[in-house]
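Chemist: First, the structure itself, so that you have it in front of you.
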């Protein structure tokens with residue numbers, strides 16, 4: 001019969017490898033999302049008007065910078081401070097709760113982006129849907145402000161609730177398979193319930209994201225059938241916009257599902273089985289997903305692609321000037 005072996009501590013090599021991967025993921029995630037933020041924020045500094053999609057991308061990049069920072073702090077806690085043979089310390093629990101709130105804000109922003117794509121790309125025929133699409137386009141800034149405000153309120157409430165309750169420990173010994181002991185801490189139970197509650201609140205934005213993405217998929221299929229009947233031109237701006245939007249949404253869906261599965265698996269690994277290597281693998285997967293979607297967003301956004309091209313050309317010209325300068329100095333010598 002298969003039994004789960006609890007791994008409270010790991011070797012120095014495993015910890016070093018995990019920390020190296022975490023630093024690499026943090027660097028890549030920070031650079032990609034900071035790039036998206038700086039490109040859009042530079043337009044704000046120059047007092048150029050931002051489009052609705054750029055506003056959403058600006059907020060999305062900020063939330064993901066927080067996500068990467070919290071996941072990196074979680075990695076440091078796992079490698080240096082948190083011993084899984086002991087109850088979870090307060091700082092590690094606070095990091096987990098803040099990550100849950102940031103992840104929920106990230107999902108709401110993705111739902112806003114999906115709604116925005118629907119309002120811009122789908123040609124509605126029903127009067128109510130036309131009015132709704134127009135309302136979404138006009139109220140996107142208020143929606144973003146509401147998401148930021150709700151995230152801040154949730155953060156304050158969760159932190160206050162977490163640090164105000166008495167931190168007493170009651171240990172219950174459970175027997176499994178006649179020889180396996182699990183020390184279930186009340187603090188860990190509270191964290192588990194907070195995790196479930198936060199993910200229940202993630203259901204509405206996730207359903208909103210699925211419905212709007214489904215409508216965009218149906219609109220793309222209808223548009224492709226119309227093109228086959230009325231035109232033979234393979235290059236259509238509306239078709240290309242549909243495909244780029246769907247690439248962004250489908251990639252977010254895939255990365256979000258993978259990250260959510262890793263988060264769900266990490267909870268019993270952390271609280272029940274105390275498997276440190278398993279938790280490290282889950283944290284690594286969760287840290288890789290926001291970076292992957294940021295790369296997809298950069299590749300599908302014309303302004304961000306132009307900024308990448310400009311940076312690459314500047315770097316290439318700088319290297320060429322430096323090489324020419326070295327060649328001239330050697331000639332003079």
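Yeah, the Cβs are placed from backbone N, Cα and C, and that goes for glycine too.
These figures come from a predicted structure and were not determined experimentally.
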Chemist: Which stretch does Swiss-Prot mark as transmembrane segment, out of 214-234, 277-297?
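Modeler: That would be 277-297, per the transmembrane segment entry in Swiss-Prot.
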Chemist: Of 89, 178, which one does Swiss-Prot label N-linked glycosylation site?
Modeler: 178
Chemist: Check whether Swiss-Prot assigns residue 91 and residue 322 to the same side of the membrane.
Modeler: no
Chemist: Taking only the residues in the topological domain 'Cytoplasmic' (212-251), give me the average pLDDT of this model.
Modeler: 81
Chemist: Using a Cβ cut-off of under 8 Å, list the residues of the same chain at least 6 residues beyond the transmembrane segment (18-38) that approach it.
Modeler: 10, 57-58, 60-62, 64-65, 67-69, 71-72, 75-76, 78-79, 280, 283-284, 287-288, 290-291, 294-295, 297-298, 304, 307-308
Chemist: By Cβ distance under 8 Å, which residues at least 6 away from the ends of the topological domain 'Cytoplasmic' (212-251) in the same chain are close to it?
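Modeler: Tertiary neighbours of the topological domain 'Cytoplasmic' (212-251) are 110-111, 113-115, 117-118, 120-123, 292-293, 296-297, 300.
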Chemist: Using a Cβ cut-off of under 8 Å, list the residues of the same chain at least 6 residues beyond the topological domain 'Cytoplasmic' (298-333) that approach it.
Modeler: 32, 35-36, 39, 54, 57, 244, 247-248
